[in-house]
């Protein structure tokens, strides 16, 4: 009888030791939950709505300000305005309204979306309202933002909105194809590039930059 109890204790001992390692003092490390996506907010603190139109405005005023607008690219043979520009000051014309088209149902920070100038246009020019990034401009040695993109396709038309390290938001260009073939300016860690401003023929043109990204806000129209 004593021998049977001895062997029973030997059998139970590993189970007791194993179970003791998963007490409240030694919890199982389960995978952490994914962070809840943060909605992008407009200047009134409201969530951006895919069915609404917004102006992309600067976080600065005066000569440092200026809205984003649709304009004609220099030396372009496109039949419609095909460049993404920013006015030289916040005193003057208002920017061209845009709408944001997310891959999901809502517009969140750090998620892929398309951007489209939301204006009346003829059928010929519909595609010339959708943002994309053009080929390398050898004169400015950067890639300029232009129109002529597509919605919902894995090409050069995907962007992200992220919180600025200063104030407001930044725009990122995020190609689906691995750089540098598609985007030599995109960082290797997340395949995205910052959107900033360069000077082209005296106008501020949105382009991919290595530093000083454009800080923007979204004003509902």
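Every residue gets a Cβ built from N, Cα and C, even glycine.
Among the ranges 14-19, 20-25, 26-31, the stretch that Swiss-Prot annotates as motif 'Vacuolar targeting signal' is 26-31.
Residue 51 (N-linked glycosylation site) falls within neither a helix nor a strand when secondary structure is assigned with DSSP, and so counts as coil.
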